[in-house]
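Asker: Structure in structure tokens, see below.
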Amino acid sequence: MCDGEIGDPVTQPRSEGGGLVTMDQETRTHYLDAATDKHLTNGSPDPEPVDPLLVAQWSIENVTSWATCMEHFSRTLLDCLRQEAIDGEVLLSLTEEDVRDMRYKLGYKLTFGELKKFWIAVLKLQLLVKNSSAESVILGIECHGNGNSVYMPLASTGCGPPSSSTCPCPQAECPSYVSDCDTYLRMGGRYVPPEYFKTAMSLGYSFVVTWITSLTMVIVHERVPDMKRYPPLPDIFLDNVPHIPWAFNMCEITGSLLFTIWVVVLTFHKYRLVLLRRFFALAGTVFLLRCVTMLITSLSVPGTHLQCSQKDFAIDDPNVDMVGALIIRMSRAYRIWSGLGMSIQGVRTCGDYMFSGHTVALTLLNFFITEYTPRNLYFLHTLTWLLNMFGIFFILAAHEHYSIDVFVAFYITSRLFLYYHTLANNRALMQSDSKRTRVWFPMFSYFESSVDGMVPNEYDTLGSLIDGIIEQIFKAKDQLAISVKRCWLDAPLSGNSSAHMFGGESEQCLRNGTASAAFFSPHQSLIGGLGGQRSQTHLNSAQSGSSTPTPATSAPTKSLPTQKKTFRDASVDPFSRTTFAAVQQAENVKDSPMKEKKHL
């Protein structure tokens, strides 16, 4: 229905000539005293009729009077209308969310029932004006048919009376900053900016975490328990499944296939930067947690086929100092980092058991592919889940991890993914207590601050993708040219540079003992702002009267360093005290010939 969650639609009588339209008695809500049968607000049982042609021209007092006559509203609500400057035009463009914000964002102490009654009154007034012949009034009236807030101008629409099943409200026009108008309208007026800087920040965060993980794997390999003293722990799955030598390589091939699918999804998805930002943030967080669990507890080697020993990575050379040991560990960490920790890349590590990094990678790729592909791609979703499960099975069949390692990795990764996207897709959960969200989830609050709701799964064609790449290249070139021009041609002059530019000329004038107009010419615009054309005349007069002898009492004399400092300060700061002193001195110099003549 057309009026959303408020109630049944209300159809008002329409005037052919745009005259007065009086609301029906059934649609009017009164608060009557049983004893006196009078209206509790103004003592009149019938409010004045409303002219829909004049509602948009109401002043703040007219709106307050209308609210007083319509319902028994509290003084707090009336004060809110006055303080927030709600006039007729603003009243007609109010939405249910705006009315709700009076209590939850603006902080007015209004009851829930009063807010609902005020919104019902506003909605009735909006429908009354919309159904009248006031076609020359541009209004922002909300269509509540599909749950999306779509605002449209009434003059160009002529949206008819609301019905119980349909709401013939037209679509709004896109703002100028939206490049994809169809996506903007399908998202209900929401726009998802790419935010390159935030994506770069998430990439940097993930990059740092991968280096920390590699260094942690080097350290835990040095602390791996001795296989002779600490045999493999009892495990239900490992004790009943024989060792398959090629299984771990198959697990990594499975992960590579999932990664290839994810790269294809990223390439053609319209909001690829949002997906990248979320992937890097979640992957970095999970692997950072894995560094803690690997380091605090060292489990014994899960299989006897693994050749793991502390001597392989131990640094026992007494000639190696702390810096040398750090360099050796960093070189080993680089080998792990460059090989992505994969055995098919020649990387062999021990001790990094709790929890499984391969399971984390498989689960993250599976969940991201499933989330950001259309729901009707059942074959793709089934394939990714099969690859995920078979990858986990291959890890256990290779006896490279305990069962608890795989289970904890799958649980933590899946829960973190679901919690993150639950908060991101439901904006109200994050905005209900924004301060606490920023404290407990600072990275989430930063990365998702401009994303409102679910990201639609929309894809670019190959042609549009190429056009977008070319457009981004030209846009980057234009931005670079503008930045170079701004830095090279439009660089503002600092105080030191201006003093350096005009300092030589001022020193020349001071050595000549005259305050010539040429000295002041670079600063006429500065001093002219203080005295206009008058100050320029004074300076020129000072030049013409410089040859006339001036009595000692006509103008105060200053030493050469004082004058030099005064003019330097005037060039740097035209509003300093020394600038006014220089102007006053010039006026005294101008008046000195008249005083001398009078003295003679």
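Just so you know, the numbers here start at 1 and follow the chain as drawn.
Backbone N, Cα and C define each Cβ position, glycine as well.
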Asker: Looking at phosphothreonine as annotated by Swiss-Prot, pick the matching residue from Thr216, Thr422, Thr514.
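Answerer: Candidates were Thr216, Thr422, Thr514; Swiss-Prot attaches phosphothreonine to Thr514.
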Asker: For the set Ser309, Ser494, Ser498, Ser525, say which residue Swiss-Prot annotates with phosphoserine.
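Answerer: That would be Ser525, per the phosphoserine annotation in Swiss-Prot.
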Asker: Given a Cβ distance threshold of under 8 angstroms, which distant residues of the chain, six or more beyond its ends, lie next to the transmembrane segment (246-266)?
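Answerer: Counting only partners 6 or more residues beyond its ends, the transmembrane segment (246-266) has Cβ contacts under 8 Å with 272, 275-276, 342-344, 358, 361-362, 365-366, 368-369, 372-373, 380, 384, 387-388, 390-391, 393-395, 397-398, 400.
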Asker: Which residues of the same chain, at least 6 past either end of the transmembrane segment (404-424), have a Cβ under 8 Å from a Cβ in it?
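Answerer: For the transmembrane segment (404-424), the nonlocal Cβ contacts are 235, 278, 281-282, 285-286, 289-290, 353-357, 359-360, 363-364, 367-368, 371, 392, 395-396, 430, 437, 441, 444, 448, 451.
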Asker: I need to check the long-range neighbours of the transmembrane segment (200-220): which residues 6 or more away from its ends have a CB within less than 8 Å of a CB in the stretch?
Answerer: 276-278, 280-281, 283-285, 287-288, 290-291, 294-295, 298, 313, 329-330, 332-334, 336-337, 341, 349-352, 357, 443, 446-447
